[in-house]
Amino acid sequence: MEKVEVTWHDHAVSRADRERLNGHRGCVIWFTGLSGCGKSTIANLVDRQLHERGVHTFLLDGDNVRHGLNPSTAMLAESHDADFAKRFGLGFGAADREENIRRIGAVTELFCQAGLITLAAFVSPYRKDRDLVRKRLEASGSPGDFIEVFVDTPLEVCESRDPKGLYKKARAGELKGMTGIDDPYEAPLQPEITLAGGSAPPDQLAATVIAQLIERGIVS
Ligand SMILES: Nc1ncnc2c1ncn2[C@@H]1O[C@H](COP(=O)(O)OS(=O)(=O)O)[C@@H](OP(=O)(O)O)[C@H]1O
Ligand SMILES: Nc1ncnc2c1ncn2[C@@H]1O[C@H](COP(=O)(O)OP(=O)(O)O)[C@@H](O)[C@H]1O
């Protein structure tokens, strides 16, 4: 294996300096759940409401990140040769999802160090991948940096919403490896917040998240 020489450098402006300037601490609010459960809708509402309160935030969202940081092999093949595209493109197999979440976890870690309240909305179906993000964040930062929000919406409800027609394709056998259909979803065992995404409106669920942030002293 090729040895790569890299050295960690401490920054002149610390996380504490940035948090003082922002007037609040950084943290990661990680929304997980099935496709169509409401992650993006709720995360966007929370983001907008925090922004209106003067809180420094940023939202990372599954579909969007897969257009830029973590594109598919087919997307990369438009600008790179086939070997490069195959090596770095990500799909939805278990190892690809693991690498997707590992990279996003590293980005949330940077944003957290920048003192931002970072919202992440990803299916993130594997417990070990989410737990690894938590572990890394807490190791480089402090306890409470990772707030896991389980958007607990029954599969039948997600499937009835099906805004992108993915469940329909999966049921028709045109899409393989759809989470909840022929690919696993491992629900969090001890999420900080659980939202009943199938039985309450999005604004009520967003209000629950904001109330929790206030209770935890993250925003005032
Ligand atoms: N096979 C399969 N399973 C689940 N989801 C699929 C799949 N194929 C495409 N999509 C679309 O990709 C979005 C999920 O991307 P993520 O990066 O969040 O997935 S993961 O965390 O790596 O599992 C997901 O977005 P959301 O619907 O917003 O969750 C889907 O639009
Ligand atoms: N709590 C809710 N009640 C009713 N409809 C919802 C709720 N949350 C989201 N939706 C609707 O469900 C669909 C999927 O929501 P979305 O936020 O895109 O889910 P995800 O990001 O988890 O895939 C959208 O059409 C959205 O308007």
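Quick reminder: no glycine exception, Cβ is built from N, Cα and C everywhere.
Feature annotations, courtesy of TrEMBL:
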- S124: active site, phosphoserine intermediate (ACT_SITE)
- G33, L34, S35, G36, C37, G38, K39, S40: ATP binding site (BINDING)
- 25-195: domain 'APS kinase' (DOMAIN)
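Sequence features annotated in TrEMBL and their locations in the structure.
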{"residue": "G33", "record": "ATP binding site", "Cβ neighbours (10 Å)": "28"}
{"residue": "L34", "record": "ATP binding site", "Cβ neighbours (10 Å)": "25"}
{"residue": "S35", "record": "ATP binding site", "Cβ neighbours (10 Å)": "24"}
{"residue": "G36", "record": "ATP binding site", "Cβ neighbours (10 Å)": "25"}
{"residue": "C37", "record": "ATP binding site", "Cβ neighbours (10 Å)": "27"}
{"residue": "G38", "record": "ATP binding site", "Cβ neighbours (10 Å)": "26"}
{"residue": "K39", "record": "ATP binding site", "Cβ neighbours (10 Å)": "27"}
{"residue": "S40", "record": "ATP binding site", "Cβ neighbours (10 Å)": "21"}
{"residue": "S124", "record": "active site, phosphoserine intermediate", "Cβ neighbours (10 Å)": "27"}
Those binding-site residues in L34, K39, S40 whose CB falls under 6 A of ligand 2, listed in sequence order: K39, S40
Entries of G33, S35, C37, S124 (recorded positions) sitting next to ligand 1, with Cβ under 6 Å as the cut-off: S35, S124
Nearest-integer angstrom distance between the alpha carbons (Cα) of S40 (ATP binding site) and S124 (active site, phosphoserine intermediate): 13
Averaged pLDDT score, the domain 'APS kinase' (25-195): 97
Euclidean distance between Cα atoms of the residue listed as 'active site, phosphoserine intermediate' and K39 (ATP binding site), Å: 11
Other same-chain residues whose Cβ falls within 8 Å of the Cβ centroid of G33, L34, S35, G36, C37, G38, K39, S40, the recorded ATP site, in sequence order: A121, V123, V151, T153, C158, G197
Separation of alpha carbons, S124 (active site, phosphoserine intermediate) and S35 (ATP binding site) (Å): 10
Euclidean distance between Cα atoms of S124 (active site, phosphoserine intermediate) and C37 (ATP binding site), Å: 13
Separation of alpha carbons, S124 (active site, phosphoserine intermediate) and G33 (ATP binding site) (Å): 7
Secondary structure at S35 (ATP binding site), reduced by DSSP to three states: coil
